[in-house]
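Student: Pasting the feature list from Swiss-Prot:
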type: BINDING; residues: ARG20, GLU78, LYS116, LYS439; note: (6S)-5-formyl-5,6,7,8-tetrahydrofolate binding site
type: DOMAIN; residues: 211-364; note: domain 'TrmE-type G'
type: BINDING; residues: 221-226, 240-246, 265-268; note: GTP binding site
type: BINDING; residues: SER225, THR246; note: Mg(2+) binding site
Amino acid sequence: MTTIFALCTPWGRSGVAVIRISGEDAAKAFVHFGINSSIKPRTATFTPLYDKDGEVIDEAIVVYFVAPNSFTGEDVVEFHTHGSFAVIKMILAELGKIFVPAGPGEFSLRAFLNNKVDLTRAEAIVDLINSETEMQAKQAIRQMSGVLEKLYQNWRQQLIDILSNIEAYIDFPEEVNSSAIANIDYLLNNLQKSLESHLNDDRRGERLRQGIYVTILGEPNSGKSTLFNHLAKRDIAIVSEYAGTTRDPLEAHIDVAGYPIIIIDTAGIRESTDPVEQEGIKRAKLKAENADFKIVMLPYEKRDIFNREIMSLIDDKSICILSKADNITDQKLIPVFDFSFIPISVYCNIGIENLLNLIKQKVEKDFQFCNTDPFITSERQRKHIQNTLNIIKSVDLSLPMEIVSEDLRLSVRELGKVVGVISDDDILDNVFGKFCIGK
């Protein structure tokens, strides 16, 4: 394979920039930059970098990793230089004379091809790079540790063991009896239950990776946009005394106790003859249906007026709040028509911490990490696991063992696609195409 290079840190002024080279000719960079000092593997060496005229480009820390003891499994050289636009441009220009620029995710792709990471760990690297909150990072790091790979490899090995028994029965049909068939059926049923339990996770891993949706609902002028802007810590929604100002749902990303929350401001819900407002209300209700959680608002001064349409939105996913409670002194929950409401006032900063704590409690209850069974974190993983389950469920042990064997061989192949034991170009393009250049 060609020797590749790329800037691994973002473009821009910084204290340090890291430029990585990977491939069998990586050490040629030492000669090209006039590095005379002995570069010991896995040791940080301070040295000047020279251009072809003998002029110093920069003073750098050079680290050399000899294959296979590197991230990619190949010889790797890293230049830790000053994060100057000029310095970076000069070094990359020099490297372009002897090496090939890396494509997006090409370093990680080589790590995969050299068996340094499986596909689930490669996906975790992308997720860690893209993580914006503590819990997103923790989920990615947990996956990078290999918990998903170990789980899927264990299931795959179970299928291989069952398949081996069936292949033996094909070669020695006299060994096939009711006890042997019952044992295979027992093993397949246990594996089926494990796969079903794993898939029945309410998509927690994907939702945590992408963001947890919390929709704000209420009648017009109940303070939805004011609360939305306060939580977002910037003015996104227009706040007006005129009802019906908000039409299209607005989104903002916030961090609540390390969880990625996407809050959504929506149109006020009421009876309306305005077709544009009706469409906004329709979209608000649709956002409510698809949300992970809902904040249902009633103005404090209207707490004794039963609003059937607003009350009908309350369910076990809801946090109920009484807005505009500016003069309240007791922040305890207030009963309103059999529901408990939190009094808040954005203007007086009353009850906001209580609201955030309730959001935290609800999110932690649904998204806390399980120590025994890790979450699926991508649609790609889910698809192959579901395909594996479908194949196992279709196995008919009353059919000839040759047919059963072929079905199980397909299931082994499908599970192998999750970790990359079996892969094709489309799968690799899908996974590594999400990386930035330099990773």
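Every residue gets a Cβ built from N, Cα and C, even glycine.
The structure displayed is predicted, hence computed values, not measured ones.
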Student: Can you work out the mean pLDDT of the predicted model over the domain 'TrmE-type G' (211-364)?
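Tutor: Across the domain 'TrmE-type G' (211-364), the average pLDDT comes out at 86.
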Student: Can you tell me how many other Cβ atoms are located within 10 Å of the Cβ belonging to ALA267 (GTP binding site)?
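Tutor: Step by step: centre on the Cβ of ALA267 (GTP binding site), count other Cβ atoms within 10 Å, giving 28.
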Student: Quick one: what's DSSP say for ARG20 ((6S)-5-formyl-5,6,7,8-tetrahydrofolate binding site), helix, strand or coil?
Tutor: strand
Student: Highest CB neighbour count within 10 A among the binding-site residues ARG20, LYS116, LYS224?
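Tutor: By the 10 Å Cβ neighbour count, LYS224 comes out on top.
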Student: What three-state secondary structure does DSSP assign to ALA267 (GTP binding site)?
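Tutor: The residue in question, ALA267 (GTP binding site), is coil (DSSP, three-state).
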Student: Could you check which of the binding-site residues (ARG20, GLU78, LYS116, SER225) sits closest to ALA267 (GTP binding site), going Cα to Cα?
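Tutor: Result: the closest of the binding-site residues to ALA267 (GTP binding site) is SER225.
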Student: Over all shown protein chains, what is the count of other CB atoms within 10 A of the CB belonging to SER225 (Mg(2+) binding site)?
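Tutor: Summing over all protein chains shown, SER225 (Mg(2+) binding site) has 22 other Cβ atoms within 10 Å.
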Student: Nearest of the binding-site residues to SER225 (Mg(2+) binding site) by CA-CA distance, picking from ARG20, GLU78, LYS116?
Tutor: ARG20
Student: Look up LYS224 (GTP binding site) in the DSSP assignment and reduce it to helix, strand or coil.
Tutor: helix
Student: Could you give the Cα-Cα distance between ARG20 ((6S)-5-formyl-5,6,7,8-tetrahydrofolate binding site) and ASN221 (GTP binding site), in whole Å?
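Tutor: Cα to Cα, ARG20 ((6S)-5-formyl-5,6,7,8-tetrahydrofolate binding site) and ASN221 (GTP binding site) are separated by 55 Å.
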Student: Neighbour count, 10 Å Cβ-Cβ cut-off, for GLU78 ((6S)-5-formyl-5,6,7,8-tetrahydrofolate binding site): what number do you get?
Tutor: 22
